[in-house]
């Protein structure tokens, strides 16, 4: 039986796979251990890890809310953890947040429009654009080689944090992050 839904935000298609905006789905790829996600009739790809259902919405970021909401309804699950990029956090930073605003993140706005704002988020810091690059171009671009090293380690830690849902729920995720030395702090 599914107890938690963990949704990794991102855009569909191989051209977006390595972009900053897709770090939420990158975390799910680590958690899957190479297993293939299956398509669900609610326009999601999913993989079950026992009581945790990993979900990749098969929709663009700003349309992810309806597909996540329909899967939650289908499985009668009320506990949601959303994994997403955050430009307001330095590269390599992780933060857990329960509820609150969207900070202009269109994926979160779509989810909040469908479900309200009382869901958990694991924010993955991607930093801010430099040299007057637009935010849209920045989040849809790939990481540099140095940034890739940092974000790869961060994504691995985010995946470990998600596994703490099994034993300790959202408190376990929050405690793991608080006790973990993150790559950006080295």
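Using N, Cα and C of the backbone, Cβ positions are placed for all residues, glycine too.
Noted in Swiss-Prot for the protein shown:
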- 21: active site, proton acceptor (ACT_SITE)
- 16, 60, 62: tRNA binding site (BINDING)
- 11: site 'Discriminates between blocked and unblocked aminoacyl-tRNA' (SITE)
- 85: site 'Stabilizes the basic form of H active site to accept a proton' (SITE)
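Features as recorded by Swiss-Prot, highlighted on the structure.
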residue: 11; record: site 'Discriminates between blocked and unblocked aminoacyl-tRNA'; Cβ contacts under 8 Å, 6 or more apart: 19, 21, 22, 60, 61, 140
residue: 16; record: tRNA binding site; Cβ contacts under 8 Å, 6 or more apart: 10, 22, 140
residue: 62; record: tRNA binding site; Cβ contacts under 8 Å, 6 or more apart: 106, 107, 109, 110
residue: 85; record: site 'Stabilizes the basic form of H active site to accept a proton'; Cβ contacts under 8 Å, 6 or more apart: 9, 20, 21, 22, 23, 24, 105, 124, 126, 139
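Around residue 60 (tRNA binding site), taking its Cβ as the centre, 16 other Cβ atoms fall within 10 Å, counting all chains. Of all residue pairs in the tRNA-binding list (16, 60, 62), the one with the greatest Cα separation is 14 Å apart. Around residue 21 (active site, proton acceptor), taking its Cβ as the centre, 24 other Cβ atoms fall within 10 Å, counting all chains. Within 8 Å of the Cβ centroid of the tRNA site, not counting the listed residues 16, 60, 62, the chain contributes 10, 11, 12, 21, 59, 61, 63, 64, 107.
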